[in-house]
Amino acid sequence: MVEGDDGNFYCTAYTEEGFTEVQFLFRAYLMPATYLFGILANLINVIVFSHKKMRNQLVNWFFLALSLSDICVLFSSFFVFSLPVYAEASGDPALLRLSAFLIVYSYPIAQTSLTMSVYLTIVVSAHRYLGVCHPFLIRRISNRSVVRGVIAFAVIFAIAFNIPRWLELEYMPCRNNETMSETLVVMPTAVMIGPLYTLIYRNAAYTIIMFFLPFAVLIVLNVRIVNTLRMSHRLRRQMTVQQGSSKSRLSGVKPTEGSIIDKERKGLQMKGAVVLPERRDHGVTIMLVAMTCEFLLFNLLAFTNNILELIGAIGTTPLETLLVEVSSLLVNINGASTIVIYMIFGSKYRTIFLKYLAGSGFSRFVSQNAGAPSLFSMGPNETTQLLVTSTTNDRSRGRRSVPALTAQRSASIVAAEQRKFSMREEVTPAAGRGCLRRSTVSRLGSVPSTATRTYRLDSVPEQPGSPMIAHQISTTSSSSSVIQFQRV
């Protein structure tokens, strides 16, 4: 671009300065698909983490803020990377002007949101580190006000650090000497190309703040977390073996059977919830470790490219251009794929997500088109408990009755539940000695001694090959539980 005698800028190299084929492939096809998926996925994350049950756990506040920052990163990156490609391919002067205008303002927003995502990942890792390695300290200092303050600090730091980004780009009018049409082009400002600014801010400060410090902190914290979890697992296993050995000496039960009995009794005390509280916390911690590993993996190439750029070892060759485009795509994938980790490792996340999905009517649509019963059409407790009425007083013992199956439930759901019921473990003492059988005591909750409960699926429609079933739970002593199935 050169300045003419009349003071206007002419785009003399307009056709030669376009995007390469590699850049067009990544920015016109691969990145937009990532942006679309990531924005929809993070909107789902925001909806799920905004649920009342998710907000009760403070660590989910960090995940909610992280999802919002990832949406900003993906949304603004579209205007920085993909929209200019479409504008150039169309050749529309109006679209070119709009693209140049949006780049100038989207670029600092994208950098600010990326910094915010990086440091929210750091603070949530620090939160889980304290929760795993210093549980008593985190209980004293962690509350909603502290979490909100930490999130606000990360946001303010990201905004403050990226204030100079607003001074790096500008747009100016340009007239193409081929088409003689006037448009806007994006140019670096005098601040951006200044040698001192480039050395101190763009090279040294950016590399330390965005790469060296986050990588070092995340690696140290997560190594400590993993080591603590391994030590806790080993200690818990040793304590289980010791408890089983002591019980076997007193009652004659084998050590392995004693450990299973102990687990079953703990499960019964939790009203049917076999997962203990510390295991749920460990699930959140493992989910965070997986997120950190994903962050380190997908940002490693960008870190390498930044180092090569600092030492002047990267230029504009086709291979180097490919590395830059791949690194940009991986950074966007990192912000778009967190929902996959939440779905794999977050049991509570999956439960609330399926609840929203069931209420949206999507599961009903799938069920009608597939000709099979929908998993999501079940109530929240009906996948594990087929209970309707009870002869014991549940209210006096602080337990709630489980809702009955409606008439719209198909018989194949009953068959599926029967298969589930036949695959659970139960302990049934025989002749004063311990023996193991298969049943569902751990999923049905605690049953008082000398009590009999009968639960009837009286609202399931009769179909050939699927007779109505009544489940009877009988206990004859404080340590015996039997499941019986009979036709009605």
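All residue numbers here begin at 1 and follow the chain in the order shown.
Placement of Cβ uses the backbone N, Cα and C atoms for every residue, glycine included.
Per TrEMBL, the features are:
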type: TRANSMEM; residues: 29-49; note: transmembrane segment
type: DOMAIN; residues: 41-342; note: domain 'G-protein coupled receptors family 1 profile'
type: TRANSMEM; residues: 61-86; note: transmembrane segment
type: TRANSMEM; residues: 98-124; note: transmembrane segment
type: TRANSMEM; residues: 145-163; note: transmembrane segment
type: TRANSMEM; residues: 204-227; note: transmembrane segment
type: TRANSMEM; residues: 322-345; note: transmembrane segment
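Sequence-remote contacts of a segment are chain residues at least 6 beyond its ends whose Cβ falls under 8 Å from one of its Cβ atoms, and for the transmembrane segment (98-124) they are 59, 62-63, 65-66, 69-70, 72-73, 76-77, 79-80, 83-84, 86-87, 150-151, 154-155, 157-159, 161-162, 165-166, 168-171, 183-186, 209-210, 214, 217-218, 288, 291-292, 295, 331, 335. The stretch from 29-49, 61-86, 145-163, 204-227 with the most CB pairs below 8 A to the transmembrane segment (322-345) is 29-49. Within the chain carrying the transmembrane segment (145-163), a Cβ under 8 angstroms from the stretch's Cβ atoms is held by residues 58, 61-62, 65, 108, 111-113, 115-116, 119-120, 123, 127, 205, 209, all 6 or more beyond its ends. Tertiary proximity for the transmembrane segment (61-86) is limited to same-chain residues at least six positions away from its ends with a CB under 8 Å from its CB atoms, namely 19, 23-24, 27-28, 31-32, 34-35, 38-39, 42-43, 45-46, 49-50, 54-55, 95, 98-100, 102-103, 106-107, 109-110, 112-114, 116-117, 120-121, 123-124, 127, 144, 147-148, 151, 154-155, 328, 332, 335-336, 338, 342. For the transmembrane segment (29-49), same-chain residues at least 6 beyond its ends with a Cβ under 8 Å from one of its own Cβ atoms are 55, 60-61, 63-64, 67-68, 70-71, 74-75, 77-78, 81-82, 328-329, 332-333, 335-339, 342, 349, 352-353, 356. Each residue in the domain 'G-protein coupled receptors family 1 profile' (41-342) has a pLDDT score, and their mean in this model is 85.
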